[in-house]
Each structure stands twice: as structure tokens, then as C-alpha cells.
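Annotated features in Swiss-Prot:
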type     : residues : note
COMPBIAS : 181-203  : compositional bias 'Low complexity'
COMPBIAS : 216-226  : compositional bias 'Low complexity'
MOD_RES  : 193      : phosphoserine
MOD_RES  : 294      : phosphoserine
REGION   : 181-256  : region 'Disordered'
REGION   : 309-368  : region 'Disordered'
REPEAT   : 11-40    : repeat 'ANK 1'
REPEAT   : 46-79    : repeat 'ANK 2'
REPEAT   : 83-112   : repeat 'ANK 3'
REPEAT   : 116-145  : repeat 'ANK 4'
REPEAT   : 153-182  : repeat 'ANK 5'
């Protein structure tokens with residue numbers, strides 16, 4: 001039975017940790033509320049916070065619930081223990097992908113080195129957790145990830161993975177996502193700290209996301225746009241020359257948030273591949289502004305068109321019945337294509353040309369002969 005003395009600040013931390021390890025979510029939440037969240041970043045053994053303990057829980061369901069509870073209640077995501085390790089570092093060592101995804105969503109730093117110079121990326125590579133490593137390099141492929149950084153022993157993440165024979169980790173680091181992350185870091189855009197120096201620990205009073213990390217409001221903005229709610233991101237898309245197809249079947253907020261972080265499941269990918277969203281020229285769905293949507297599937301269309309969401313935008317040189325089909329990836333969802341028609345302008349460029357596959361779609365009506373379709377090949 002819980003006694004009043006168990007709710008004093010010092011004993012409250014112990015009570016909360018015991019409730020968490022016993023899987024008592026309601027009791028843990030009660031202790032947090034009773035102490036006005038004053039223990040949320042208190043230290044336990046080895047200087048670890050409740051968040052660091054939560055990422056190590058063996059049960060996946062309880063682990064996800066407690067990690068989300070602590071993060072939503074304001075736990076500092078980048079605090080360090082006595083060995084300089086963060087919650088993300090501990091989660092990467094154990095290969096707990098669900099915890100890693102939540103920590104990155106709340107601005108966890110994948111380059112925060114511990115006292116031995118090992119970053120979370122290095123821990124994932126050394127322990128052979130290929131799925132965790134692939135998620136990290138995909139999520140930070142545009143923001144940059146210093147994959148060439150060495151620990152105190154002079155080893156990089158790639159060398160750690162290769163020395164232990166972790167082929168999936170080597171592939172993740174040397175594949176297209178790893179190369180993109182390393183190239184973005186090499187450009188030196190918005191560098192957090194000088195090379196070789198560990199990132200400073202975040203204090204509870206000053207928890208601003210790093211400039212290179214995706215802040216939560218920005219992720220929410222992407223999620224609203226992906227959820228078909230329009231809003232600020234939707235209006236920005238109109239002005240940039242890219243036309244986004246509407247639809248109530250776009251992912252809801254929570255699922256879109258995970259997609260924006262690169263957390264793409266096989267089930268999610270299969271659901272989007274299953275339905276072909278085709279746009280009919282001169283159909284009731286067309287509004288004249290490049291925003292069309294229908295469930296029709298073009299007879300005789302190539303398999304790439306029949307298995308992927310398709311957007312339509314007016315072709316610059318075509319007649320009223322011609323158009324340009326485009327399947328373009330959102331920069332924040334690497335495996336999920338966006339319903340975006342590719343129009344000429346600043347958005348076209350080397351990336352489009354390098355990944356585009358032009359297909360000529362002949363009649364019958366309502367499609368005119370010579371309608372041009374451009375489908376981006378999946379990056380492997």
C-alpha cells in the first residue's frame with residue numbers, strides 16, 4: 001500500500017521506478033502528478049533518470065508506454081548518466097527500435113558521445129542492431145550525421161560494425177541513406193559542435209531542440225499536411241509549384257508523425273501500394289488548380305502506375321486532356337510516396353532526373369495519347 005512517506009521527493013523517485021518496473025502505469029502516473037513532476041529528471045543508480053530506466057524495460061508494450069509518458073510529461077531527452085550516456089545511447093545498445101523512434105521524435109541527439117567517445121550510432125553499429133541503425137541514418141539523411149566520427153579508440157561506427165561482422169549495419173552505413181547522411185554532414189550545415197567534441201548536455205531549464213534536429217512543432221506540421229488537413233503546410237505547397245492530391249484516406253496524425261520520422265512498417269507500405277489513386281483529366285475531381293483525386297485505375301497502365309499513389313498536375317505544353325503524372329517522395333517520409341504532381345519550376349532538378357522513369361500512356365479516353373507519366377523509382 002502506498003504511504004504518504006512514499007511521496008516525498010527522495011522516496012518518490014524510488015516509488016516511481018518500482019511502479020515502472022512492475023508495469024503499474026496508473027500508479028506511476030499518480031506519483032508523477034502527486035509530486036508535480038518534480039522527480040521526472042531525478043537521478044537513480046549510476047546517475048540515470050527514469051527515462052533511461054524506461055528505455056531498458058524488457059516488455060515492448062510497457063517500454064513504449066512509459067517512454068512516451070515521460071517524454072510527454074517533459075523529461076529531458078538528452079541528459080547524461082555518470083558515464084555520459086543518454087537514453088538514446090542506451091536504447092541503441094539494446095536494439096529497442098520503438099524507444100529509439102520516440103526519443104528521436106522528441107529531439108534525441110544521435111551524435112551525443114559518452115565518456116568513451118561512443119555515440120548512439122556507434123552503439124547500434126557495435127551491437128549489430130541493423131534496423132535501429134537504418135532508422136537513424138534515414139531519419140537524419142538530410143540533416144546530416146557524422147558517420148566518420150571516431151571514439152577514443154579511434155574507431156568509426158563502420159569499423160565497429162565491420163570488426164564484429166554485422167553485415168546489416170555495414171550495409172546501412174554504406175547504403176544510399178548512409179551516404180546521404182554523411183554527405184549532408186560533410187557540407188557542414190548548422191553544425192552543432194566542433195568535430196570530435198561531444199555535444200553539451202541539455203539542462204532541464206533550457207530544453208531547446210538542436211538546430212539540426214526536427215522540432216516537434218515542425219513534425220506536427222508535416223503530419224497535418226500528410227493527414228490532408230491543409231493548413232499552413234498546404235498553403236505553402238500551392239505557392240511552391242507542387243500540387244498535392246487531397247484525400248480522406250491519408251494517414252492520421254499519429255501515423256503520419258511516425259512516417260515523418262521514417263518509421264515505415266511493412267504493413268503501412270503494403271496498404272499504400274495496394275490502392276492506386278489515379279487522377280482523371282477533365283473529371284469532376286479536377287478543380288483547375290492541380291488538385292485531383294479519384295479511385296479510378298487506368299486500364300493497361302504500367303504496373304508501377306497501378307501499384308502506387310499517383311498525383312496529376314497540368315502539363316505545361318499539353319492540351320486540356322493531357323497531364324503529367326508524378327510520384328515524388330516527401331523528404332521526411334523516405335519510404336512512403338506523397339500524392340504530389342511534379343510541375344516545372346524550382347522543385348525539379350537533379351534528384352528528379354536521377355530517379356525519374358518516363359512512361360508514355362496511350363489512350364483510350366479519357367486519357368489522351370502521349371500523356372506523360374513520371375514515376376520515381378524506389379531507392380534501395
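Note that Cβ sites are derived from N, Cα and C of the backbone, with glycine treated the same way.
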- Query: Residues of the same chain, at least six outside the repeat 'ANK 1' (11-40), with any C-beta under 8 angstroms of its C-beta?
  - Reply: 2, 5, 49-50, 53-54, 57, 59, 62, 65-66, 69-70, 73-75
- Task: Give me the mean pLDDT over the repeat 'ANK 5' (153-182), rounded to a whole number.
- Result: 87
